[in-house]
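A.B. asks: One structure, pasted below without further comment.
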Amino acid sequence: MKIALLGYGRMGQTIEQIAISRGHDIVIKTSSNTGYNIKEADVAIDFSIPNAAFNNISNCLNNDVPVISGTTGWLDKYNEAVSLCEKNKGAFIYASNFSLGVNIFFELNEILAKMMTKLDDYKVDIEEIHHTKKLDAPSGTAITLAEGVIKNHSQYSNWKLDESTENILPITAKRIPDVPGTHIITYKSDIDTIKIEHEAHSRQGFALGAVIAAEWIIGKTGVFTMKDVLNIG
Ligand SMILES: NC(=O)C1=CN([C@@H]2O[C@H](COP(=O)(O)OP(=O)(O)OC[C@H]3O[C@@H](n4cnc5c(N)ncnc54)[C@H](O)[C@@H]3O)[C@@H](O)[C@H]2O)C=CC1
Ligand SMILES: O=C(O)C1=N[C@H](C(=O)O)C[C@H](O)C1
């Protein structure tokens, strides 16, 4: 498979190693939105920056190249990307987190929220910890987790960063050098605390998931999620 890497930073470089080890060719690797012909690739993988992701995705969809995006912090334009994909009969996957472990954790989070929904004594909060180079806060993964709680728990209707009121689920974001990504969901009452936690040990899991998604999407048409790729939940 001929892969275009749109964004050649920490993730782009990790994806390159894994893609090559699985027998793929990297035909484009770029940290810019110009100077390449996307049509040379069978599939594109975008791990860039919040301001660039939508343009990168649109360029792929306008040129019939299936696209996987893991960039976070651009989701105000997600629905526009979905419409463009549908209009062009293209193929597109966005995931806030491509690792198998986090996708299992997403499912656990929803099951736990369902179990806790009637238990008013417990208050929920989400904490995410990432390296100091991260541009966005809260993390895309923390937002997906918050949406998973809100969907399944009657007390919460929205989430906010560093703010907690009656129906608002608080997220806190910490930045510590070299942390690849940790997410903790806590249910706390006066009597006890229940916590579930996912800690990434490196970027390998994110990168492997993105390459698996790129392999999976070839020949398909539509807007998909990692749930479709991994067939879990
Ligand atoms: N969904 C997931 O599983 C994961 C998502 N991420 C997200 O992926 C993104 C990238 O993360 P990192 O690689 O750690 O960041 P990074 O900062 O190391 O790499 C981003 C690269 O994009 C480049 N870039 C800037 N403008 C561009 C453009 N117009 N087109 C293409 N590239 C451009 C930058 O120069 C930089 O080299 C972030 O949004 C991060 O939150 C990170 C890890 C896992
Ligand atoms: O920027 C990162 O590094 C990560 N970003 C993603 C996010 O915002 O959730 C996924 C992962 O936690 C690493």
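Using the three backbone atoms N, Cα and C, a Cβ is placed for every residue, glycine included.
Below are the features listed in TrEMBL for this protein:
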- Arg22: NADP(+) binding site (BINDING)
- Gly70, Thr71, Thr72, Ala95, Ser96, Asn97, Phe98: NAD(+) binding site (BINDING)
- 101-230: domain 'Dihydrodipicolinate reductase C-terminal' (DOMAIN)
- His130: active site, proton donor/acceptor (ACT_SITE)
- His131, Gly140, Thr141: (S)-2,3,4,5-tetrahydrodipicolinate binding site (BINDING)
- Lys134: active site, proton donor (ACT_SITE)
A.B. asks: Sort Gly140 ((S)-2,3,4,5-tetrahydrodipicolinate binding site) into helix, strand or coil using the DSSP assignment.
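C.D. replies: Where Gly140 ((S)-2,3,4,5-tetrahydrodipicolinate binding site) sits, the three-state DSSP reduction gives helix.
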A.B. asks: Including all protein chains shown, what's the count of other C-beta atoms within 10 A of the C-beta of Thr141 ((S)-2,3,4,5-tetrahydrodipicolinate binding site)?
C.D. replies: 25
A.B. asks: Where Asn97 (NAD(+) binding site) and Thr141 ((S)-2,3,4,5-tetrahydrodipicolinate binding site) are concerned, what is their Cα separation in Å, rounded?
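C.D. replies: Between the Cα atoms of Asn97 (NAD(+) binding site) and Thr141 ((S)-2,3,4,5-tetrahydrodipicolinate binding site), the distance comes to 6 Å.
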A.B. asks: Could you break down the residues of the domain 'Dihydrodipicolinate reductase C-terminal' (101-230) into DSSP helix, strand and coil, giving a count for each?
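C.D. replies: Per DSSP, the residues of the domain 'Dihydrodipicolinate reductase C-terminal' (101-230) fall into 48 helix, 37 strand, 45 coil.
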A.B. asks: For Ser96 (NAD(+) binding site), find which of the recorded positions Arg22, His130, His131, Lys134 come within 10 Å, Cα to Cα.
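C.D. replies: Neighbours among recorded positions: none.
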A.B. asks: Summarise the model confidence on the domain 'Dihydrodipicolinate reductase C-terminal' (101-230) as a single mean pLDDT, whole number.
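C.D. replies: Its mean pLDDT is 97.
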A.B. asks: Could you tell me the maximum Cα-Cα distance in Å between the residues recorded as binding NAD(+), namely Gly70, Thr71, Thr72, Ala95, Ser96, Asn97, Phe98, rounded to a whole number?
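C.D. replies: With Gly70, Thr71, Thr72, Ala95, Ser96, Asn97, Phe98 as the binding residues for NAD(+), the largest Cα distance is 12 Å.
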A.B. asks: Do any residues at least six apart in sequence from Thr71 (NAD(+) binding site), in the same chain, have a Cβ closer than 8 Å to its Cβ, and if so which, in order?
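C.D. replies: Same-chain residues close to Thr71 (NAD(+) binding site) (Cβ under 8 Å, separated by 6 or more) are Gly7, Asp46, Phe47, Ser48, Ile49, Pro50, Ala52, Ala53, Asn56.
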A.B. asks: Under a threshold of 6 Å between Cβ and any atom of ligand 2, which of the recorded positions Arg22, Thr72, Lys134 are retained?
C.D. replies: Thr72, Lys134
A.B. asks: Pick out which of the recorded positions Arg22, His130, His131, Lys134 has the most other Cβ atoms within 10 Å of its own Cβ.
C.D. replies: His130
